[in-house]
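Data block below; observations after.
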Amino acid sequence: MPRTPLHLDANSPSIIVPVTARDRSELGRQAEALARARAGAVGVGVDAGAGEDGVADIRAYEAEDDQDPAGAARPFDLIEWRVDLYESFTATVGADAAGGRDAAGSGFDPVPVVAALGALAAALPDTPILATFRTTAEGGGAPLSDELYVRLVDTLAASGLAAAVDVEYRHPLAARAIAAAHDHGVAVVASNHDFDATPPVEEIVARLAAMEEAGADVAKIAVMPRSAADVVTLLAATERRYREAEIPLITMSMGAPGAVTRIGGGAFGSAATFATVGEASAPGQLPAAGVRAALGLLHPGAGQP
């Protein structure tokens, strides 16, 4: 079972912040920055030191001198770790992926993945983690064979450190990956990304419905607008599916034209938005502090501890 459960509600949209580190050193710096941002809102301090595995060992502690901002809104609610960008892992499987080999476990070393996930969990002990390997087919940072994709999802879920794992619903082995996560009691965020266009309302609704039918616990779609009308299309599709869905939705229109969906999506049924504390992981992501302020106006009480 995950250490911290996943709770999403369109009436109080959550803010998800990406962790995009390439190596252990950068992971430590990003984790420390997130811990400090979180600490500034909840009245704790951060102690950062060198961990045994080379990842910064970051622990939150009660800050005696900090003024207690009782009731202050959290700057973010979840973090998404982009495993496909983490070269300390992807370098170990690159040869297999490039060669198209699917030998069971060939070249797969779970140690750097679990160690990095553990560092994030230690830095942010009360923050749910969404673990994501975005494939190159959907704009990800590294290739991975189909079999290793499933094994990675299983490893992330089995660690007990992630509240949820991302599974691309169009992946050839999506059903196996979803089953593997559920075997460990971990939620699945089924996802789909279109960096070229915005499909019609009916197609977006159909994709979100297919994710639910596949057994996902959350359905996510991100599309690229070419006009203001495309942004309206995404919002209309979200509202339509929200009326029928039995699982939370996460939807967004990317790039600058779609920024309104990252702030106002909750009014149409989107239960979370992605924002930044540092580097973005997709076009159009806005700073978390500004998004939190905007959500506070649209959804009073959002982000309260």
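Positions of Cβ are set from backbone N, Cα and C atoms, glycine also.
Curation plays no part in TrEMBL annotations; they are all automatic predictions.
Remember, it's a predicted structure, so these values are computed and weren't measured experimentally.
Annotated features, as they stand in TrEMBL:
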ACT_SITE  His193  active site, proton donor/acceptor
ACT_SITE  Lys220  active site, schiff-base intermediate with substrate
BINDING   Glu80, Trp81, Arg82, Arg134, Arg262, Ser281, Gln285  3-dehydroquinate binding site
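The Cβ neighbour count for Gln285 (3-dehydroquinate binding site), using a 10 Å radius over every protein chain in view, is 21.
The local packing around Arg134 (3-dehydroquinate binding site), expressed as other Cβ atoms within 10 Å of its Cβ over all shown chains, amounts to 22. Counting every protein chain shown, the number of other Cβ atoms lying within 10 Å of the Cβ of Glu80 (3-dehydroquinate binding site) is 22. Just so you know, the Cβ of Lys220 (active site, schiff-base intermediate with substrate) picks up 27 other Cβ atoms within 10 Å once every protein chain is counted.
Taking all protein chains in view, 22 other C-beta atoms sit within 10 angstroms of the C-beta of Arg82 (3-dehydroquinate binding site). Per-site Cβ counts within 10 Å over the recorded positions His193, Arg262 peak at Arg262. Checking Cα-Cα distances from the residue listed as 'active site, proton donor/acceptor' against the recorded positions (Glu80, Trp81, Lys220) with a 10 Å cut-off leaves Lys220, in sequence order.
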